[in-house]
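Annotated features, as they stand in Swiss-Prot:
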type    : residues                                                       : note
BINDING : His119, His123, Asp317                                         : Fe cation binding site
BINDING : Leu141, Val142, Ser143, Gly144, Gly145, Asp174, Gly187, Asn289 : substrate binding site
REGION  : 342-365                                                        : region 'Disordered'
Amino acid sequence: MGRTQTVLALESSCDDTAAAVLRKGATGETQVLSSIVRGQDSLHAAYGGVVPEIAARAHAEILDICVEDALQAAQTSLHDVDAIAVTAGPGLIGGVVSGVMCAKGLALATGKPLYGINHLAGHALTPRLTDNVPFPYLMLLVSGGHCQFLLIKGPDDFKRIGGTIDDAPGEAFDKIARLLALPQPGGPSVERSARQGDAKRFSLPRPLLDRPGCDMSFSGLKTAVLRVRDGLVQDQGGLYPQDQADLSAGFQAAVVDVLAEKTSRAMQQYQQLSPTTATLCVAGGVAANMAIRTRLETVARDNGAVFVAPPLALCTDNAAMIGFAALERMADHPPDDLTLAARPRWPLDSKSPAMLGSGKKGAKA
């Protein structure tokens, strides 16, 4: 039987500033004592997307307030915390630096150990926090900047078996929202618009379904939507609300079809591990899309697997997942020192080759 451990965690890799306090009991159960998330939607709304410089300044201004709020909500203090955890990458470098510097300051001032956590590991391990999913499990990590299939065999054992070779679905949703003059963030806007639309009105491609493997591509789908939109604007002088809804529905249906087929293929590879309880997990901000969730649940059932999707609040960026990832690692990994660096790019599976088209500056994750 171990001892009780309490972790204060920080997350600031994109446009959500977050802090959380988690406690792992002597018998291994973990409680989220508090989880504070402060979004920046109003700061970026006028620009049609996240502006890194604005995001970084906002993180720097509010991180300490989030920490105070998280400690107060957890009814604890820095003195009672056993460790500090922080997202050290990947992400927008200004925001990651803000979080890392704040965490270093807290660690230095309190003498507490510091743990730099991969943001994607936080997402990938969340099903163990919410549902105590046993290893190994299959994870579809689908977020604003990332999309990959991972075989997860341990807290630090991730094997990528496929992913997007260009735009991640979250990026594609944001770009489609801009094309259709829908508000940002694009994911929820496109999903809302799609509910009123006819997905069959326009013929849109399902990229890479004619090729083997689990890799995906969404840039061609985005281009197809652009061409349809431009044709409508040329023919009728603009877009009507029904045009927006039908294009949203068609785009979303295409994304769902691609994710479903590629997930079925990934399930076949995963089943070769002969897991005791086959489990398909989905995490990341795009996993909040209910059309995607519903279809993936069907894929899991058709493949004889349990489907696990964390609550929506733990799918989008949060610090609770960072704290849990730290708790998972603390038993077998030493803490980081104060030379911990912020990393804009940090592949979870460093042994796999970089994805083709994974980014102009290298592999995102």
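Glycine is no exception: its Cβ is also placed from the backbone N, Cα and C atoms.
Note that the coordinates shown come from a computational prediction; the quantities given were computed from them, not determined experimentally.
Sequence features annotated in Swiss-Prot and their locations in the structure.
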residue : record                 : DSSP (3 states)
His119  : Fe cation binding site : helix
Leu141  : substrate binding site : strand
Asp174  : substrate binding site : helix
Gly187  : substrate binding site : helix
Asn289  : substrate binding site : coil
Asp317  : Fe cation binding site : coil
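Within 10 Å of the C-beta atom of Leu141 (substrate binding site) sit 27 other C-beta atoms, taking all shown protein chains into account. His123 (Fe cation binding site): 31 other CB atoms within 10 A of its CB, across all protein chains. Gly144 (substrate binding site) sits 10 Å from Asp317 (Fe cation binding site), counting Cα to Cα. The Cβ of Asp174 (substrate binding site) has 23 neighbouring Cβ atoms from other residues within 10 Å, across all protein chains displayed.
The shortest Cα-Cα distance between Gly187 (substrate binding site) and any of the binding-site residues His119, His123, Asp317 is the one to Asp317.
Here the CA atom of Asp317 (Fe cation binding site) lies 9 Å from the CA atom of Ser143 (substrate binding site). Sequence-distant neighbours of Asp317 (Fe cation binding site) (same chain, six or more apart, CB under 8 Å from its CB) are Glu11, Ser13, Cys14, Asp16, Ala18, Val37, His119, Gly285, listed in sequence order.
The Cβ centroid of His119, His123, Asp317 marks the Fe cation site; residues of that chain outside this set whose Cβ lies within 8 Å of it are Glu11, Ser13, Thr87, Leu120, Gly122, Ser143, Gly284, Asn318, Met321, Ile322, given in sequence order.
Within 10 Å of the C-beta of Val142 (substrate binding site) we count 30 further C-beta atoms, all protein chains included. Within 10 Å of its Cβ, the residue among the binding-site residues Gly144, Gly145 with the fewest other Cβ atoms is Gly145. The Cβ of Asn289 (substrate binding site) has 27 other Cβ atoms within 10 Å, all protein chains considered. Residue pair Asn289 (substrate binding site) / His123 (Fe cation binding site) shows a Cα separation of 16 Å.
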